[in-house]
Amino acid sequence: MNTQTHEAPPPFWSRALSGRYASIWVATAVLFAVSPLVAPGSLGAAPLLSMLPFAAVLAIAAAGQTLVVQQRGLDLSVPGMIALGAVLVTKLPQSYGWEVVPAVLVGLAVPLLFGLLNGVIIVLFRVMPLVVTLGMNSVLLGIVFMVSGGTPASAPNALNQFALDRTLGFPNSLLIAVVVILGAGFIGSRTIVGRRLTAVGVSEPAARAVGAPVVSYQVLAYGVAAGFYGAAGALLAAYTKTPPLFLGDAYLLPTVAAVVLGGTALSGGLASMVSTGVAALFLTQLGQLFRALGWPDSWQLVAQAAVLLLVVLLRELVPRAAGAIRARRRPAVVAA
């Protein structure tokens with residue numbers, strides 16, 4: 001009688017600590033170790049607590065970008081989605097008397113619907129993601145301007161206080177981001193929906209062969225991603241109290257950089273939400289370090305772009321170099 005044993009799948013966080021995802025953990029640890037040496041005081045309690053909420057916002061937005069990149073796309077509507085989420089959670093309570101919870105739910109749901117529209121146009125009509133999402137970004141920024149009337153609104157006091165408060169010493173915004181990232185990571189690796197979403201990103205023909213509704217999952221990825229952008233905008237608005245209308249403009253490049261630094265290939269496939277979140281922390285702390293050194297914002301953007309370019313080049317060149325070294329070491333076969 002034959003008995004079969006089945007190993008339990010590895011914990012959902014194990015992917016984040018292995019292979020190509022491990023480098024961002026090392027880089028982040030090195031950055032935090034070097035920061036107080038380069039800029040004394042940059043890791044004090046006050047700078048750290050002021051940095052973490054912005055890292056949380058970037059982590060949530062980058063989680064959305066991860067879903068899109070996993071499906072071999074790139075979402076350029078991030079600024080508009082973030083701005084839309086922010087304007088809804090501020091304008092609806094201030095001008096129309098909405099309660100906080102309904103306003104926040106609308107701030108998540110409306111971007112999600114626009115994200116689904118992105119997905120439908122891209123997947124069903126086979127239009128390039130860059131074209132669709134760039135156009136959608138312009139539409140969303142126009143909607144933001146119309147809804148706001150060109151004047152920024154303030155977040156409700158209760159929402160602002162919640163974002164500023166701490167639980168067990170940690171900013172609430174950070175705890176929300178941790179829950180979102182860990183929840184997304186768990187769903188992505190431990191549920192049927194998440195595994196099928198990954199399978200679609202790895203190989204559409206293979207996913208179809210096992211019966212996965214490829215089109216539905218691809219459209220869903222854009223919708224859920226936009227919901228993440230809306231959540232990031234709502235959280236940022238809550239923290240800053242009176243956010244500028246186009247506050248999402250600063251998050252387009254960082255979301256892509258966080259995805260790439262986190263180990264997700266721009267060609268799609270496997271992804272780690274946890275590593276993306278760590279990459280968001282890395283980028284935010286890097287910006288904090290540059291500010292402590294007196295670098296202007298323009299140079300910070302240049303540095304982010306340089307880091308992104310360096311990672312992409314290394315990811316291409318290192319495997320080739322390793323292959324060439326292995327080929328040289330392989331003993332020649334002499335014909336008898």
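Glycine too: its Cβ is placed from the backbone N, Cα and C atoms.
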TrEMBL tags one of 76-94, 304-322 as transmembrane segment - which one?
76-94
With a cut-off of 8 Å between Cβ atoms, can you find at least three pairs linking the transmembrane segment (100-125) to the transmembrane segment (168-187)? Only pairs 6 or more residues apart in sequence count.
no
Among the ranges 76-94, 130-148, 168-187, 219-239, the one whose Cβ pairs under 8 Å to the transmembrane segment (251-271) are most numerous:
76-94
Which residues of the same chain, at least 6 past either end of the transmembrane segment (219-239), have a Cβ under 8 Å from a Cβ in it?
53-54, 56-58, 60-61, 63-65, 67-68, 70-71, 73, 75, 77-78, 81-90, 104, 107-116, 118-120, 122-124, 155, 159-160, 162-164, 173, 176-177, 180, 197, 247-248, 251
Counting only residues 6+ away from its ends, which parts of the chain sit with a Cβ under 8 Å from the transmembrane segment (168-187)?
12-13, 16, 49, 52-53, 55-57, 59-60, 63, 162, 193-194, 228, 231, 235, 238-239, 272-274, 276-277
